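Peer 1: Sharing the record's features from Swiss-Prot:
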type: BINDING; residues: CYS12, CYS96, CYS197; note: [4Fe-4S] cluster binding site
type: BINDING; residues: HIS41, HIS74, HIS124, SER225, SER226, ASN227, SER269; note: isopentenyl diphosphate binding site
type: BINDING; residues: HIS41, HIS74, HIS124, SER225, SER226, ASN227, SER269; note: dimethylallyl diphosphate binding site
type: BINDING; residues: HIS41, HIS74, HIS124, THR167, SER225, SER226, ASN227, SER269; note: (2E)-4-hydroxy-3-methylbut-2-enyl diphosphate binding site
type: ACT_SITE; residues: GLU126; note: active site, proton donor
Amino acid sequence: MNIFLANPRGFCAGVDRAINIVKNAIEIYGPPIYVYNEVVHNKYVVNSLKKIGSIFVKKICDVPEKSILIFSAHGVSKSILKEANKRKLIIFDATCPLVSKVHHEIKRASKLRSEVIIIGHKNHPEIIGTIGQYNNPNKKVFVIQSIEEICKLKIKDPNNLFYFTQTTLSVDDTNKIIFAIKKKYPYIIEPRKKDICYATENRQKSIKKIIKLVDIIFIIGSKNSSNSNRLFEIANKSGKKSYLIDTYKEIKKSWLNGVNNIGITAGASAPEILVQQVVNYLKIFYKNSVNIYQVDGDIEKTKFMIPKKLILKIK
């Protein structure tokens, strides 16, 4: 039995930063620490942080006044920030810096009162937070996730139009949508840099490499993780048996019948411990008759600093 491990896989710099912000805040201030939305979309991570004193909330009014509040890696709207400030909360922002970059861009479009097309999933926290950077977005900001939706757009001024994208989309699918948008709106203003993040792109490239080598692919990630779902879609479209799993406990023995080569990757919010647990499960299942191969991919050196307040407290 051969196991092929995709590289890079698992935590990206933004996820790593967000988790460290929560952990450091708990260490410095003591529990409880409140977190608005899941800090990252992974069950294992969220449950681990709950055990050490994190309380995850969906409403700012559920946070006691003057408590410590952390915004998730997906970012929040300006209205949420305003509400948190009204409650005199001590705020630490774990928004991924690459999401913050998109926020800055849409704020610029808002100042110009430009119309905006956002490519992304309407109900995803990142999109909700991004739309919330635009003042009075009604009839100004349009969210689409397919080429078919472009023809339904009612753009008033194609010469004063921007587009942005969610950071965790399929690179291939998004490029097709962008091509179609630019064909219909040739004067649309592009982001200064592409919005899909390096980690999303690298993990999609790495899964394409192992697809060619395996009979079955396990994508480790939670069902509400956008980037993990995109990895699953890529694998599934290839025709290979593909499974999105949170842990090794979800693996059914019947999936492994007649399988000689197994591929494993993990979404950007899934910790390496879950990968190793899957590998260990397979070792036991195949009675240690297993060869493990690391499939080379892009080397990631990006690191994001945690807020200065937390760094100063640690010192």
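Along the chain as shown, residues are numbered 1 onward.
Cβ coordinates come from backbone N, Cα and C, glycine included.
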Peer 1: Find the one among the recorded positions CYS96, GLU126, CYS197 whose C-alpha lies closest to that of SER225 (isopentenyl diphosphate binding site).
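Peer 2: That would be GLU126, the closest of CYS96, GLU126, CYS197 to SER225 (isopentenyl diphosphate binding site).
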Peer 1: Cβ within 8 angstroms of the Cβ centroid of HIS41, HIS74, HIS124, SER225, SER226, ASN227, SER269: which residues besides those meet this for the dimethylallyl diphosphate site?
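Peer 2: Other same-chain residues with Cβ inside the cutoff are VAL40, GLU126, THR168, ASN224, SER228, GLY267, ALA268.
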Peer 1: Within the same chain, and leaving aside CYS12, CYS96, CYS197, name every residue whose CB is within 8 angstroms of the centroid of the CB atoms belonging to the recorded [4Fe-4S] cluster site, in sequence order.
Peer 2: ALA13, GLY14, VAL15, ALA73, PRO97, LEU98, VAL99, THR167, THR168, TYR198, ALA199, THR200, ALA268
Peer 1: Taking only C-alpha atoms and a 10 A limit, tell me which of HIS41, HIS74, HIS124, GLU126, SER269 are near CYS12 ([4Fe-4S] cluster binding site). These are the recorded positions.
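Peer 2: Those close enough are SER269.
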Peer 1: I need the most crowded of these binding-site residues: CYS12, CYS96, CYS197. Count other C-beta atoms within 10 angstroms of each C-beta and give me the top one.
Peer 2: CYS12
Peer 1: Check CYS12 ([4Fe-4S] cluster binding site) against DSSP and tell me helix, strand or coil, would you?
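Peer 2: It is coil.
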Peer 1: Largest pairwise Cα distance, Å, within the listed (2E)-4-hydroxy-3-methylbut-2-enyl diphosphate binders HIS41, HIS74, HIS124, THR167, SER225, SER226, ASN227, SER269?
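Peer 2: The widest Cα-Cα gap among those binding residues is 15 Å.
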Peer 1: Got a sec? Which of these binding-site residues, HIS74, HIS124, has the most Cβ atoms within 10 Å?
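Peer 2: Per the Cβ count within 10 Å, the most buried is HIS74.
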Peer 1: Under 8 Å Cβ-Cβ from the residue listed as 'active site, proton donor', six or more apart in the same chain: what's there?
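Peer 2: Non-local contacts for the residue listed as 'active site, proton donor': HIS74, GLY75, VAL99, GLY120, GLN166, THR167, THR168, SER226.
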Peer 1: What is the number of other Cβ atoms found within 10 Å of the Cβ of HIS41 (isopentenyl diphosphate binding site)?
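Peer 2: Looking across every protein chain shown, the total is 28.
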Peer 1: Other than its own, how many Cβ atoms are within 10 Å of the Cβ belonging to THR167 ((2E)-4-hydroxy-3-methylbut-2-enyl diphosphate binding site)?
Peer 2: 29
Peer 1: Please list residues from the chain of SER269 (isopentenyl diphosphate binding site) whose Cβ is under 8 angstroms from its Cβ, counting only those at least six apart in sequence.
Peer 2: PHE11, VAL15, VAL40, HIS41, ASN42, VAL45, GLY221, SER222, SER225, ASN227, SER228
